[in-house]
Amino acid sequence: MATLPKITILGSLNIDLVSYVPHHPLPGETLSATSFKVSPGGKGANQAVACGKLSRSSSSSSIPPSAQIKMVGAVGSDTYGTLLLSNLSSYGVDPTLITSIPNAKTGIAIIIVDEPTGENRIVLSAEANNLCSGQEFIEKALEKGTDLLIMQLEIPMETVLAATEEAKRRGIKVLLNPAPAKKLPEEVYQGLAHLIVNETEASILGEVDERELDTEEGLERVSEGFIKRGVENVVITLGARGVYYMDKSGKKGLVEAEKGIKVVDTTAAGDTFVGRYALDVVGGGFDIEVAVKKGNKASAITVQRAGAQDSIPWKDEVE
Ligand SMILES: Nc1ncnc2c1ncn2[C@@H]1O[C@H](COP(=O)(O)OP(=O)(O)OP(=O)(O)O)[C@@H](O)[C@H]1O
């Protein structure tokens, strides 16, 4: 049997503790929530789940998986850590390279959602995610046979930078989704295979006003800027407008978002896009336009469902 292409995600794992309230509490106020839920999250884990679900069938037997997905990161030695690992397994992601750090706590996001308006307030405690540093993580992320390394910016920047440099040295392709946006050193862009940004990230990293992205000419200028800095493939996701792409050969275009759908919750739309696009990167005969169109279709399914990882479609739902 041919070996499956291998994608590794090096990034964050969090547990979201979500309380739904009739209004945001005032200072000193104790408020009863109308409902509460615990759900696995973190951009790293969400993108790993997107790769896992989109590379295999929900019924597991009918379609064989199209890729092997591994996650590298850190959790605490608590029940939330255990929950995150078993959750990844259930979505087809191999969690065995994730480090459970003794005496550390798992990353937590405390989210309060005002039910009438949907406005949320979030307190993020990165905890174990902040301890994701050192050569051990880089070696795991670049294990022999890795075809693509995906990273975001919810773990220490020095880990992302060191892993990027080492991946380039070893000839392993990197897909960087620099979220949340932070300025990056220029050498990151040089030889970077795939850069996927949303509008906010594009304007911060591209050093332009967000209004510049309102027109196709503006999107072209910003993308060209990244290509000149050494990126091979640039993708800007535009929410309800769709996706803009450009590669170093000059191939470019705007793919419109799917129309006539009922948008319920856009959480994890970007993560779904990254997962579907990544599977095309390792699938052979990569064509940026085709990869972007598939990503756009998959994330249109995610926005029609509530939740984060739950809302990401399986392979048999997009084919
Ligand atoms: N309202 C929508 N209708 C159709 N498709 C959408 C809509 N919103 C998002 N999408 C799809 O999802 C992709 C990613 O969305 P977006 O640009 O908002 O990413 P993001 O800001 O990284 O999202 P998130 O952080 O919530 O995961 C879009 O490029 C588009 O393909």
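The backbone N, Cα and C atoms fix where each Cβ goes, glycine too.
Heads up, TrEMBL stuff is auto-annotated, nobody curated it.
Listed in TrEMBL:
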- Asp271: active site, proton acceptor (ACT_SITE)
- Asn14, Ile15, Asp16, Gly42, Lys43, Gly44, Ala45, Asn46, Glu154, Asp271: substrate binding site (BINDING)
- Asn198, Thr237, Leu238, Gly239, Ala240, Arg241, Gly242, Gly270, Asp271, Asn296: ATP binding site (BINDING)
- Asp265, Thr267, Thr302, Arg305, Gly307, Ser311: K(+) binding site (BINDING)
- 6-314: domain 'Carbohydrate kinase PfkB' (DOMAIN)
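The two recorded residues, Thr302 (K(+) binding site) and the residue listed as 'active site, proton acceptor', show a Cα separation of 10 Å. Distance between Cα atoms for Asp265 (K(+) binding site) and Asn14 (substrate binding site): 19 Å, as a whole number. Among the recorded positions Glu154, Ala240, Thr267, Asp271, Thr302, Ser311, the residues whose Cβ lies under 6 Å from any atom of ligand 1 are, in sequence order, Ala240, Thr267, Asp271. Reduced to three states, the DSSP call for Thr302 (K(+) binding site) is helix. For Asn14 (substrate binding site), applying a Cβ distance below 8 Å and a minimum sequence separation of six or more within one chain yields Pro40, Gly41, Gly42, Ala45, Thr106, Gly107, Ile108, Ala109, Leu124, Asn129. When secondary structure is read from DSSP and collapsed to three states, Glu154 (substrate binding site) falls in the coil class.
Look at the binding-site residues Lys43, Arg305 and count other Cβ atoms within 10 Å of each Cβ; Arg305 has the fewest. Reported as a whole number, the C-alpha separation between Glu154 (substrate binding site) and Leu238 (ATP binding site) equals 21 Å.
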